[in-house]
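What follows is a single structure, written as structure tokens, with notes after it.
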Amino acid sequence: MLNTFMQSRLRGLVILALILVILPAFLGNPFHYELVTQMAIIAATVVGLNLLVGFAGQISLGHAGFFGLGAYFTGIATGTYGWSSVPALVVGAIVVGAIAWIVGRPILRLKGHYLSMATLAVGFIIAIILNNERALTGGPDGMPVPAFEIFGWELSAFGRYSLFGITIEGFQAWYIFASVVLLVAVWFALNLIESPIGRALRSVHGSEVAASVVGVNTAKYKSLVFVISAIYASLMGSLYAHFQGFITPAVASFEFSILFITMVVLGGMGSTFGVILGAVVLKLLPQVLADFQELEHVMFGLILMLTMIFMPKGLLPTLTAFVSKKMRKKAGGEA
Amino acid sequence: MTALVEVKGLDKAFGGVHAVEGVSFSVEAGQVYSVIGPNGAGKTTLFNLITGLYTPTKGEILLNGESTAKLEPNELAERGMCRTFQQMQICMNMTAIENVMLGRHLQLKSSLFTTLFRLPSLRRNEAAARKRAAELMEYVGCGDYLDAEASAMSYGALKRLEIARALAAEPKVILLDEPAAGLNAVETAALEDLIRKIADQGTTVMLVEHDMKLVMGISDRLLVLNYGRVLAEGTPEEIRQNPDVIAAYLGG
């Protein structure tokens, strides 16, 4: 019974759900909740980015651009034009997906460093536009974003809600909401990977020539996964904007793009749960390292370097390989 | 009977070097058609041209009477052409059976919606594709490796895996580029049986191979290339007795 569960394809999702259910027991104050909610939203973003980077073997150093576009689309549509949150989120994702498709068609012909440079440029252009279109975006000063609203019901981190007789705080409600979003994002990603589409994506990484001679239209699949990962980023950007209540062009910045990529690489390229761990670690490290004050960034860099030198496949793949090796040894000893 | 693959005056130049020059021949459905020649004769270049990986400098290739000039490799696959490579092209980031299931790509069309929600139709098709892939792996003789990581397989097994992947696409014509290279005598004998089985089931086989015993044994017709040009073309018996071929290739 336990064995069949451990081999089922959704075991990771179940474990993640359990962690998310148990976690509030360890969260002491609203700041903890805020941190974990941000983690969940960003983790869902990198789960999408991992489809592009880890599975299809392409790179994007400009993904914060799409995250920022989603955030600002929501900010402007709900704040300035009074749209409801859900239509803003959906239309924003469609618009960002279309932009990614138009941009992706030409640049995905590039490979390696050239693709890195092109995606970097895309991110920069988006950040520059957000900085300069003061009338629309408020420029570098940023803009406020209204609370998330659905069917006239507002979800604010500062509110207080009664659900079935249980009173929960706004930040707790956001935690639940972000957790569900993360689980759905992971479920979609897992379903996508284990499908003909997912195989085609992975084959683009494994051998583009092999993929093309068995009939995979590699250009089409590269565009598809670029668009899907951009839509992930846009949707999460929208939620992030609502959650934060205030956005600046920093959400589309180069630093943010690099943070996303680092989460993917550190956590484990091509491992959906690995990149979630990557997001958690990279959000947590600065908090833990705050005690080191001016040495914080040195420590941060050192930890990243050491991890990549000793765990080049990323945290989770290295850990699971280590554990399964131990278990095999144990099983071998018994036999 | 019209030819399945027809090559007319094919030319491919890399800079000033003519890797393939003025090559014409035709392959009829159901044949085992081999291309032989010394190293550097242009055999692999010819295969790359036929499968659309290279664009010809001059000349024309017809597949089932249709010009392939503007078609990408994946569009040729849609029209029933599949191949293996001298330098194996295996997706090392997948398991063995996933590599073969990749070969079913064209038969497995599913919408993004069906995929994201993993609807029952997708699960059914995946199970069927997996079953078919397992059969094919059994058929080519790597049934022991179903869920092995491709990166953990031996060279000989990977060569057979590549053939299974090509067969999974249910091609009309399969091009095998040096399938026996690096195989020992036992493995080569097994390969010969396999190619014969494939041909007996009605799939046209085009073969580039150095192992003369294998080639002479299973081919219906042969094309001999030398320095990119056709030296001779005919049945194994004709080739064996052709004085040009003996001088250039087979040796006195």
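For all residues, glycine too, the Cβ spot is worked out from N, Cα and C.
Features reported for this protein in TrEMBL:
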- A:38-57: transmembrane segment (TRANSMEM)
- A:64-83: transmembrane segment (TRANSMEM)
- A:89-107: transmembrane segment (TRANSMEM)
- A:114-130: transmembrane segment (TRANSMEM)
- A:173-193: transmembrane segment (TRANSMEM)
- A:224-243: transmembrane segment (TRANSMEM)
- A:258-285: transmembrane segment (TRANSMEM)
- A:297-316: transmembrane segment (TRANSMEM)
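For the transmembrane segment (A:224-243), same-chain residues at least 6 beyond its ends with a Cβ under 8 Å from one of its own Cβ atoms are 37-38, 41-42, 44-45, 47-49, 51-52, 55-56, 58, 60, 63-64, 66-75, 78, 85, 88-89, 92-93, 95-97, 99-101, 104, 108, 145-148, 155, 157, 174, 178, 181, 185, 192, 197, 201, 251.
Of the recorded ranges A:38-57, A:64-83, A:89-107, A:173-193, A:258-285, the transmembrane segment (A:114-130) has the largest number of C-beta contacts under 8 angstroms with A:64-83. When each of A:38-57, A:64-83, A:258-285, A:297-316 is checked for Cβ pairs under 8 Å to the transmembrane segment (A:173-193), A:38-57 comes out on top.
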